């Protein structure tokens, strides 16, 4: 597929997701990075978003709960270019009923070439980057060219 570019603004749109066993870890990371996160637009799956907002006071746009379709809602926002960064603390040692949704969310993040952090270390590296505070060009699939070729 042909590629095009998309500009991520200096104030990123960041999705926050965590499996049940990882919610405490994500809360700790968010609390430690609250000052940085306040400069961005935050989204989350339902249960995670409500918990983070309640505990930190951050403004977070919450989807519905992940197992009820929240992962899919975030995936749709990614494919529409409305999410720039995905922070997803998932539990690799515990299967969840909505594993196909989890895989789909990670796949769509890769398709649309957005940065993904899956644990505290990768989130720390990602948020330590000066690119988090800058306008950034990323390559994405050129879906419009794809549609034009199909007709």
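Every residue, even glycine, has its Cβ placed from backbone N, Cα and C.
For reference, Swiss-Prot has these:
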DOMAIN    1-151  domain 'MGS-like'
BINDING   19, 23, 45, 46, 47, 48, 65, 66, 98  substrate binding site
ACT_SITE  71  active site, proton donor/acceptor
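Feature annotations (Swiss-Prot) mapped to structure.
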residue: 19; record: substrate binding site; Cβ contacts under 8 Å, 6 or more apart: 89, 90, 91, 94, 96
residue: 45; record: substrate binding site; Cβ contacts under 8 Å, 6 or more apart: 17, 62, 63, 64, 65, 66, 70, 71, 73, 74
residue: 47; record: substrate binding site; Cβ contacts under 8 Å, 6 or more apart: 23, 65, 66
residue: 98; record: substrate binding site; Cβ contacts under 8 Å, 6 or more apart: 66, 67, 71
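Around the residue listed as 'active site, proton donor/acceptor', taking its Cβ as the centre, 26 other Cβ atoms fall within 10 Å, counting all chains.
Take the CB of residue 65 (substrate binding site) and look out to 10 A: across all protein chains shown you find 16 other CB atoms.
Averaged over the domain 'MGS-like' (1-151), the predicted model has a pLDDT of 96. Neighbours of the substrate site: apart from 19, 23, 45, 46, 47, 48, 65, 66, 98, residues of the same chain with C-beta atoms within 8 angstroms of the site's C-beta centroid are 17, 18, 20, 44, 67, 70, 71.
Residue 47 (substrate binding site) falls within a helical segment according to DSSP.
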